[in-house]
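Asks: Okay, so Swiss-Prot annotates it like this:
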CARBOHYD  7  N-linked glycosylation site
CARBOHYD  15  N-linked glycosylation site
MOTIF     345-348  motif 'PDZ-binding'
TOPO_DOM  1-30  topological domain 'Extracellular'
TOPO_DOM  52-66  topological domain 'Cytoplasmic'
TOPO_DOM  88-104  topological domain 'Extracellular'
TOPO_DOM  125-143  topological domain 'Cytoplasmic'
TOPO_DOM  165-185  topological domain 'Extracellular'
TOPO_DOM  207-239  topological domain 'Cytoplasmic'
TOPO_DOM  261-276  topological domain 'Extracellular'
TOPO_DOM  295-348  topological domain 'Cytoplasmic'
TRANSMEM  31-51  transmembrane segment
TRANSMEM  67-87  transmembrane segment
TRANSMEM  105-124  transmembrane segment
TRANSMEM  144-164  transmembrane segment
TRANSMEM  186-206  transmembrane segment
TRANSMEM  240-260  transmembrane segment
TRANSMEM  277-294  transmembrane segment
């Protein structure tokens, strides 16, 4: 077994891989952090809203919505992980210990893996629901729980492996350029796994599309509903294109550079674009909320109700504060009924 460099600094591994470790804040670092913080905050707020909507509306207490809730939780975790990265990047990277660096990387790997795996689970559940001709899946809750547990076990496995064994601390010639403490084989496996998930999603949604098209077409042959058939088909095409298109746009660039680095491409300038492609992958956690949740009419109504309730509570508190202030100077009393609209009481 070769010599292991457990006592070396982060700078040692970055120099070994040829990745620059900045000692001061460059304009590029400031831009990346500013964009990253903005995306992270939006991801946190959006997915918190999705989780609150699913928890508060009993109509969403169905297996498919449990999976959507798990997707929101994974994306919320991704927002936290990326926020942690933004506070430990740039010149601060050099001050990290090896354990701190692996924690930073592990949070990202775990959260993004959970998000991607949940996307596949949702696709499989949608296929099962469509084949069973159900609006809401009746998949036993125990199976949904097992599916969610399986997603997180796989995510934690991929996230924790680098810190324990799948690193290059004992084999410097295997270190990657984008993640100087990780083995190139880890990056290649992660990229290929994400690509496999995408191909499986394409296969599942393609099967759903052709199944629904055949079914609606048979119905159209017996009933004069050709315009409705066309509308249903176009709507399904739109849904499939949005789902797969969002995944391709957000994930493909990052998968390509990870795979190139994992395969040891020396002539590929992966370091020039890695931060921006990682930001694009993180933006998928924001896009997921729009694609999988906000397109649901009932979900949108629940969002409006939650936001209106929050605004109403704030308005009520402000009115109550105004009332208590006014009582000191006049005997006029203001009552606030449950509907939140102030009424004047004539007691003088």
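Placement of Cβ uses the backbone N, Cα and C atoms for every residue, glycine included.
Thinking about packing and proximity, how do these listed features fit into the structure?
Replies: Cβ neighbours of residue 7 (N-linked glycosylation site) (same chain, under 8 Å, six or more residues apart in sequence): none.
Residue 15 (N-linked glycosylation site) counts 14 other C-beta atoms within 10 Å of its own C-beta, drawing on all protein chains shown.
Remote same-chain residues near the topological domain 'Extracellular' (1-30) are listed as 89-91, 93-94, 96-98, 101, 168-172, 175-178, 180-181, 271, 275 (criterion: CB distance under 8 Å, separation of at least six residues from the stretch ends).
Cβ atoms under 8 Å from those of the topological domain 'Cytoplasmic' (52-66) belong to residues 72, 122, 125-126, 129, 136-141, 143-144, 148, 293, 298-299, 302-303, 306 of the same chain, restricted to positions at least 6 beyond its ends.
Counting residues of the topological domain 'Extracellular' (88-104) by DSSP class, helix then strand then coil, yields 13 helix, 0 strand, 4 coil.
On the 0 to 100 pLDDT scale, the topological domain 'Extracellular' (165-185) averages 93 in this prediction.
Sequence-distant neighbours of the topological domain 'Extracellular' (261-276) (same chain, 6+ residues past either end, Cβ-Cβ under 8 Å): 19-20, 28, 32, 176-178, 184-191, 253.
Remote same-chain residues near the transmembrane segment (144-164) are listed as 63, 66-67, 70, 74, 99, 102-103, 105-107, 109-111, 113-114, 117-118, 121, 125, 181-183, 186, 190, 193 (criterion: CB distance under 8 Å, separation of at least six residues from the stretch ends).
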Asks: Residue list, the transmembrane segment (67-87) vs rest of chain: Cβ under 8 Å, 6 or more residues beyond ends.
Replies: 33, 36-37, 39-41, 43-44, 47-48, 50-51, 54-55, 60, 104, 107-108, 110-112, 114-115, 118-119, 121-122, 125, 144, 147-148, 151, 155, 282, 285-286, 288-289, 292-293
Asks: Under 8 Å between C-beta atoms and at least six residues away from its ends: which parts of the chain pack against the transmembrane segment (105-124)?
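Replies: Cβ under 8 Å, 6 or more out: 64, 67-68, 70-71, 74-75, 77-78, 80-82, 84-85, 147-148, 151-152, 154-156, 158-160, 162-163, 179, 181-182, 190, 193-194, 197, 200-201, 204-205, 247, 251, 278, 281-282, 284-285, 288, 292.
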Asks: For the topological domain 'Extracellular' (261-276), how many residues does DSSP put in helix, in strand and in coil?
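Replies: Within the topological domain 'Extracellular' (261-276) the tally stands at 8 helix, 0 strand, 8 coil.
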